[in-house]
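Structure, as structure tokens:
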Amino acid sequence: MAANFNPTLEHLVTQYQSQHPDFRVRISSGSSGKHFAQIRQGAPFDLFFSADDQRTADLVDSGEALPDSRLVYALGQLMLWSNDPELIPEDGLALLQSGEFRRLAIANPRVAPYGVAAEALLDNAGVQLQSRQLVTGQSISQAFTFVRSGNAELGLVAASQVIVLERQQGGEPMGSRWLPPADSYPPIVQEAVMLQAGADNPWAAAFMQWVRCDQVAHGILEQDGYLLPSRNGEAGCAGY
């Protein structure tokens, strides 16, 4: 499971268990790349919630995941965020273009979907930074940690990370932020897939269907800063 999705997945599981008390699950948190490698080495996971749609496609192509089980469960959103409540103005793009900050954290675009999106946003806006101004985390979680700890003055992080942190800290807004328009970077498509180990597990299929169709599940995703994908009328969701 994608590391930044862990709090949201825990919330989804708790809600599903309240409706289905017999449902039991063990969540393994970590980067999508780490779990992808473990799956390729035979780790017996039933479901894989990835931060992208490339690894899920690769698992289908290799026969390690069921071809008809791919589910776009959410679209991630970038957020420019700083611990400093005065740093980011209403027009965050103007700050990026000015370069008037010390260090900006992003996820590594070579391995992290949020990094790809951040790099595209900067390129599309013509932002040119000096190498010392850019600090790169190996995951979106590490990029967020750089900002949270003060090692970077601001960062292009996942909106969900900021929203979940604020909820954990009592709900008060923390720092300053700017939410870039969704069309200013490529879609961050987050996809889940059922693995061969889960093929005979009815609970795995039922949970995937619930995430896809249930309005409560959709509300949790939106509450945590994700966008919902268009599903063309939710075909196959009768009863939800």
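Including glycine, each Cβ sits where the backbone N, Cα and C put it.
Curation does not apply to TrEMBL; its annotations are automatic.
Here TrEMBL flags S32, I140 as molybdate binding site.
When secondary structure is read from DSSP and collapsed to three states, S32 (molybdate binding site) falls in the helix class. The binding-site residues under consideration are S32, I140. Their Cβ neighbour counts within 10 Å are lowest for S32.
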